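Worksheet: one structure, shown below.
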Amino acid sequence: MAQQARAVETRRLILQGAAMVFDELGYDAASIKEILSRVSVTKGALYFHFPSKEDLARGVLQEQTLHVHVSPQATKLQEVVDLTMNVAHALPNDAMLRAGSRLAMERGSVDFAAHSPYLAWAKVCEELLEQAKRDGEVLPHVDCRATAELIVGSFTGIQAFSQVSSGLLDLEERVSVMWKHILPSVAVPAALARLDTGPDRGTRLHKAAAAQGAAVTQESAAG
C-alpha cells in the first residue's frame, strides 16, 4: 500500500510540473527536460507514468476536470452559476486549470480538441439545465444544449479577455456580469430572484468548502 501511495504521489507531482510548463510555454515549446526541472522525480519515473509528452498533456487535460467542483445547492441553476464561479475563482492560482485551458485552445503539432474540458463542462451544464427545466426554474422555450454551449463559450471568451486585460485578476467580476446578461433570458422570474451571481461567489464557495474539509479532518482525527 505504501508503494502504491508513493506511485500516486509521484504521478501527481509529474502532472503538476507538466501543468506549470504547459501553462507557461504551451505544448509545442514545452520539453520533458523543462518539466523534469520542476519536479523531484527521475526521467525513468516520468516515462513509467507517461511514455510521451503527448501522454502528459492528455493526463493534464484529464486531471483538470477533477479540479472543478460543484456542491449541491437549493436550485440546479445555482449549480450552473457555481460551476463557472468556482472555475473563475480558481484559475488565477491553479496551473492545472490554466494548462488544460491552454492545451484545449491551442492548435499546434497535436490537436487536443477531442479531449477539451470545455466539451465536458458543456455537458455538465446541459444536464444541470435540463434538471432545472424539469424543476420549473428554466423558461419553457430554452434549448438546454444550446444554452450550455453559449455559457461555456462565453466563459471561454471572457477568460481570454481577462487574461489579456488583467492577468485573470478581474475574471470573477467579468463572469458575474456575464450572468447578469444571460440569466434573464433563461430563468423564470422566481428562480432568477433567488440566484447568487455576485463576483465574490467563488470566494465564498471556496471558503465554505475549506471549512467543511477542515471539519471532516478534525472529526476523523478525533475518531
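Glycine residues also receive a Cβ, built from the backbone N, Cα and C atoms like all the rest.
Curation does not apply to TrEMBL; its annotations are automatic.
Sequence-distant neighbours of the DNA-binding region (31-50) (same chain, 6+ residues past either end, Cβ-Cβ under 8 Å): 7, 10-11, 13-14, 16-18, 20-21, 25, 56, 59. Taken from TrEMBL, the feature DNA-binding region applies to 31-50.
What TrEMBL records for 8-68 is domain 'HTH tetR-type'. Across the domain 'HTH tetR-type' (8-68), the prediction's mean pLDDT works out to 91.
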